[in-house]
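**Q** This is the structure I want to talk about, given as structure tokens.
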Amino acid sequence: MAEASRWHLGGTPKHKLHYRKEVEMRTTLQEFLLYLIFLINLCICKYTDFMEGPLLEGLYWDSWYNNKNLYDLKNSSRIYYENILLGVPRVRQLKVRNNTCKVHSSFQSLMNECYDKYTSENEDLSDFGLKYDTEWKYSAPIINSPWHWGFTGVYRNGGYIFTLPKSKSETLNKFINLRMNSWITRSTRVIFIDFSLYNANVNLFCIIRLVAEFPATGGILTSWQFYSVKLLRYVSYYDYFIASCEITFCIFLIVFTTQEVLKIKEFKSAYFKSSWNWLELLLLVLCFVAVFFNSYCNIQTFLLLGQLLKSTEKYSDFYFLAHWHIYYNNIIAITIFFAWIKIFKFISFNKTMSQLSSTLSRCIKDIVGFAIMFFIIFFAYAQLGFLVFGSQVDDFSTFQNSIFTQFRIVLGDFNFAGIQQASRILGPIYFITFIFFVFFVLLNMFLAIINDTYSEVKADYSIGRRPDFELGKMIKKSYHNALEKLKLKKPETDEDKKSRKSRDLAEQARREGFDEKEIQSAEQMKKWKERLEKKYYSTEIQDDYQPVTQQEFRDLFLYAVELEKELHYVSLKLNRELCDH
């Protein structure tokens, strides 16, 4: 009987488990605050002033877009006193060889020349025209120079190149001479106009490229590129503040890398079983790549900028530097994106976020199966739209455009008039059936899968399956403790804490649909449990042997009976919920 009356033998005392949770919560909160500092520092390093690009776009692109006559650029060469022209503008042309395509025998009597679309294999490398100046002689491309991705092709460097004089009248005479001697021919496939500006007010270089493509089908397609970059990095006090943030970023990177290396040594292969650890490694790799790109850009700027600024009578090719800065911007943008995603690791202890992650993890298999069915139908409609409307509607001109157009249709952005005009019968049929099957059926099935899984997760949480602790509660508790230490709030007594906790639980039970009888029964069981724990879990009693009196045995028996009733009630309620779903 003495052995049977022992209430607690061995195991971890409850107060020690609570202490471990407190330590874990405190460590998580410290890591979260440290990571927030890192994230803010990372954003400050990149959020510098790049507002000159849209301004210059308005100044130069409007003239270029509205004036497609390449020999009459008077409106595009207006003087803007706030921006200094660096060097002189450069004009470059790429051509294709004759007979790069074959004329059908039925039309050979009418046409004996054929110029295919631009590729590096079809490019014309021979001199033409007057052959006495650079614009008539082919210049080989520079090694490792970036290619240009246009609407109808990917164009490499080199070609037939000349620079424009600084005098407006000489520039006009140059264009007149080129027009009279047919510098632009049927074999012309693209023309680039490159120049660079510097604005001292905002300390930004703007590298501008105006492009005119001549597709094999005829016509002209104009486009542009405006790259606003800060090549002179450290000039003002704010720039030195940015430099200090970059140094801090490198320190954070070293600390985080050391932490991950130690974790890998400690956990070995088990480390790679966590998706958060993979995200951590990806973020570190992106940070190191960003540091490499930034260092390379600074080194190249230091080596080339002085030479480029001295070339006032020649074309200053800043495009190479701008291209690498764009690479760096893209890498740092992806890094910041994944850095924000990592915040979910710290707030996953929150009840709402835990429900979200549980919902997604439970329904992932159903979503994958649904996605296969969805994209089979989606790609079938994309192929149908491309084949039926591709020759008449620009949104369906390619299979890729058809896919993106259908995503826009789902979001409510569509051109029904163009589809209907392309095919009076198939157009409306395509549109109505696509909306019905994809929008009304498949998308609602997708929402039903997530909603059904969320209901299951919420039912599990209502019977107590929830995280051991929540970071939000830890932050709230730390906030109240700080107010109490600063004497801005009266400290709560143990009785106040118990009363507040009891009220919170009762209110939560009412929100989840429990009646007052169930709540009162639960409160009575809670009081029994606290009284028994106070007696048999007391840390002041060192001896594990504690005899049970007759009254205590009666209380224990009643407590066990109530627990059995509650378990039976919860089981019935859970079965009823499952049957309803």
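Even glycines carry a Cβ here, placed using N, Cα and C.
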**Q** In TrEMBL's disulfide listing, Cys114 is paired with one of Cys45, Cys101. Which one?
**A** Cys101
**Q** Using a cut-off of under 8 Å between C-beta atoms, tell me which stretch among 190-212, 278-306, 367-389 contacts the transmembrane segment (429-450) the most.
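**A** If we count Cβ pairs closer than 8 Å to the transmembrane segment (429-450), 367-389 scores highest.
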**Q** Give residue numbers and ranges for long-range contacts of the transmembrane segment (278-306): same chain, 6 or more residues beyond its ends, CB-CB under 8 A.
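**A** Long-range Cβ neighbours of the transmembrane segment (278-306): 231-233, 246, 249-250, 253, 256-257, 260, 272, 320-321, 324-325, 327-328, 331-332, 334-335, 338-339, 341-342, 345.
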**Q** Looking at the domain 'Polycystin' (49-232) alone, can you tell me the average pLDDT?
**A** 82
**Q** Give the sequence-ordered list of residues that share a chain with Cys101 (disulfide bond), lie 6 or more positions from it, and have CB atoms under 8 Å from its CB.
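**A** Once residues fewer than 6 apart are set aside, Cys101 (disulfide bond) is near Cys114, Tyr115, Asp116, Ala216.
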**Q** With Cβ-Cβ distances below 8 Å as the criterion, list the same-chain residues six or more beyond the ends of the transmembrane segment (237-257) that contact it, or say none.
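**A** Same-chain residues near the transmembrane segment (237-257) but 6 or more away: 38, 41-42, 44-45, 48, 280, 284, 287-288, 291, 294.
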**Q** Using all protein chains in view, find how many other C-beta atoms are within 10 Å of the C-beta of Cys114 (disulfide bond).
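**A** 18, counting other Cβ atoms within 10 Å of Cys114 (disulfide bond).
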